[in-house]
Amino acid sequence: MVNMQKCLMYRQNTTRRKRQMKFKQFYQQAHDLIQLLKIQFPHINVQMITLAFCRSTPNFILLFGYSRILDLLLTSQFQDAIQVVTIMLVSAYLLSFIGNWIDSYLQGYEFITDEVITSQVNYMSFTMRYDIFEDNESMAKVRAVGNHINASGGTGSFLRNIILLYTNLFSVLYALCFVGYLFYQAMQYSLYLVLLLLLAVGCICLGIIILKRTSAYHEDLNAKNIHNNSVSSYLITTMVNVEYKKQIMINRMSHLFVKYFKNIIKTFHVYLDFSKRKGRYEAVYNFALSIFGACTYIYIAYLSLHGYLSIGSVLLYAGAMQQLIQYISGWIISYSDAVFQLDYLNHFTDFLHDESIRTIGSLPIEKRNDNAYEFCFENVSFHYPNSKQLVLSNVNLTFKIGKKLALVGQNGAGKTTIIKLLCRLYQPTEGRILLNGIDIQKFDFNDYTKIFSPVFQDFSMFNISAKENLECGHHNEEKDINAVIADVGLEKRFSSSQNGMDCVLEDLNSEGVKLSGGEAQKLAIARALYKDAPFVILDEPTAALDPFSEAEIYENFDELVGGKTAIYISHRMSSCKFCDRIVVFKDGKLVEDGNHDSLMHKQGEYYTLYQAQAEYYQQ
């Protein structure tokens, strides 16, 4: 239930941003996101602007055309009216055709852009620093990225709102041109124009106020919804997981998970309250628009009665005034929705540009034919994130290539932490680690990891082929896979399989092969041997075995690695007797250093542990 507690601790403060986005900030962030999408779709911005132009222009072509046709028909200019009809229809339908053609492309982009974003998030997850994954707060933010993308409706929905912004902007500009010309024609009635303009401004301001209130409330709802989605996702995943299912059935825990589902359902009533509140706001706003529309028609009719406007112009300007308010309101709504979506999508762009989650360093590892590498720990201390307790304290340790080094000590002594620091899964809290005199943090991470072949205690096999598990995506021309498999005693296991080393492990398909614990352990060792790196690390992958079996595996492994540098980690003293050098840790400190005989003669920590374990196993 630890994961459940972590999931339920995932609160709104990790899923939302308490801030008002200014237009300049919105423009810059929207531009950054679109530029990111342009890598995959170079012409997406031009296509969106063109689509907006093609959608907005026909409305005003038709509005102007109808007013012009009406005037021509009233004056019996039938030939001219036919010409206007022809030009109007051809222009409108041509623009509509182009718009629909572009829209068909953008509809395809909607799905693809979400996949592109998801792929980039996944790629970033693979390349981010290891310590991020062991920090609950950091991982909550990483998980929030996917939840925020879903909450925003995805990039496809955001692009739709950007298109609406462009469309409404073009429409407002067209309407302003017509309304501006109307004002110019009726300057002597400027007082009425000013009153009408003030009424229009009042409607727009009312719309902005209502929009801000509903947006703030909507943001609260979505923050809660993201949390609910996170919990729901965890619950569903748990319920269909075979390992969890066993625990749930045996311990009769179904009612506990049902309780969590019911608690989530109870929170959904707030959406009904939101809908009612939003409905009241919209009713007030629509009433204000109706008043403005009525005043607009009265004013234009008044101008027409006094001979300032033709019948067709009445149609034109009344429509233009009404559409001006309509499209300004539409622009405000589109802008608000886009800001709301962008606020969530920014978690993705921030995540993408967050250099702190990446491994640093750019120096290449020196390619030495003699493999003369020397590591030096200088006054290294370390504590894990969100903890002040030192796991390692002032460790000084130097070792060279070609030796067999054992790190021993009781559980929790700091042995595995040494390896994590050496492999740059973590950075020292204090001190530094040097490779041939250079701080290892300065090396390119991918280049640096090439010199290590680790087998961790919690090694993993992936649901891909056995060959891919062995190669890890890097084919080694100098190593024969079959020979490596034979070295670890797995040749019969895979030769009996229908697809040999190409068989898929676990249950990815119906032909999947499930390895036993011992077989998986041998394949993990084969993986390390196949990589053929200068440093080989065995970090207690045999901890579940009895001491005699572990000692046998360690000694066999020592024969397989040959002259390479091998680092063995164990809390069992007897497993590492064959090593050239044994380093003893206690409570995060290096307390003894020597070979088996010298340490036994010294009768210190190593001697005490060795004797205690020997007596225990004899009993």
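Placement of Cβ uses the backbone N, Cα and C atoms for every residue, glycine included.
As recorded in TrEMBL, the features of this protein are as follows:
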- 375-612: domain 'ABC transporter' (DOMAIN)
- 48-69: transmembrane segment (TRANSMEM)
- 81-102: transmembrane segment (TRANSMEM)
- 163-184: transmembrane segment (TRANSMEM)
- 190-211: transmembrane segment (TRANSMEM)
- 283-302: transmembrane segment (TRANSMEM)
Worksheet item: In the same chain, which residue numbers or ranges, 6 or more beyond the ends of the transmembrane segment (81-102), come under 8 angstroms Cβ to Cβ?
Response: 47, 50-51, 53-55, 57-58, 61-62, 64-66, 68-69, 72-73
Worksheet item: Taking 163-184, 190-211, 283-302 as candidates, which has the most Cβ pairs under 8 Å with the transmembrane segment (48-69)?
Response: 163-184
Worksheet item: What mean pLDDT score does the domain 'ABC transporter' (375-612) have in the model?
Response: 83
